[in-house]
Amino acid sequence: MTEMHFVDYAMAGVCLGGTSVYVIFIAASLKNIFDYFYPSNVFPVEVYCALLMLPLIIFTQVRHLKFLVPFSILANICLILTFVITCYYTFVDIPDTSDKKLATNIMEWPLFLSTAIFAMEGINVVMPVENEMENPKHFLGCPGVLNITMCIVACLYSVVGLFGYLKYGDDVLGSITLNLPEDEVLALIAKIFVAVAVFFTYFLQMYAPMDILWIRVKDKISQRFQNGGQILMRSLSVILTGK
């Protein structure tokens, strides 16, 4: 039982830590957008993080996975559109690539591995999706839902990563959308799309850790205060990711 508790809390901690990156990314994207439209009112990224708290708290109160499906569909549509726009900017006017390194030194490999693992991992979403499927056996196997989707995701990441590096080199930022021009409407649209996509993905990422934490604490709360307790727990968790 102790091992199970450790696994549950470890996964919840990883999920909460990962979603804090989502908050920072959304805030940074919003800052770029508003700085363009309102150059006379420039605010630090922390202000946008604070402004995100209320909508994130409200949407994180959704407790059933099926109600998050429309948000997931919208997020995927936004990501596809962002991918197309990003490819447009990265495929054209590629500078001379003769000075690009084929591989970095070994001391920077941990940074690559941690970034790649963060981008590809999704155990907190994988398990709930499999449990909610009408035919869970279709999730794994060969070919299975997981294998097919991960191959598609890996290919998309590879395309964006390769051509993004060829275009921007060592100046590429944590998200390539932040490298897009700040004074072009199409680039701003891409930043809006990706901010919306990550915003709605946030709730999916929070679904599993909230479920895990609630299972551990609900028996310690009176039945009368269970609903309020869950609202409080979810709200505090969101605030924690935005700290």
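Each Cβ is built from the backbone N, Cα and C atoms, and glycine gets one as well.
TrEMBL entries are annotated by machine, without manual review.
Here TrEMBL flags 4-220 as domain 'Amino acid transporter transmembrane'. Annotated transmembrane segment per TrEMBL: 7-30, 42-60, 67-91, 111-127, 139-165, 185-204, in sequence order.
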Item to check | Any contact, the transmembrane segment (42-60) to the transmembrane segment (139-165), with at least 3 Cβ pairs under 8 A | outcome: no
Checklist entry - Can at least 3 Cβ pairs under 8 A be found between the transmembrane segment (7-30) and the transmembrane segment (185-204), with each pair 6 or more apart in sequence? => result yes
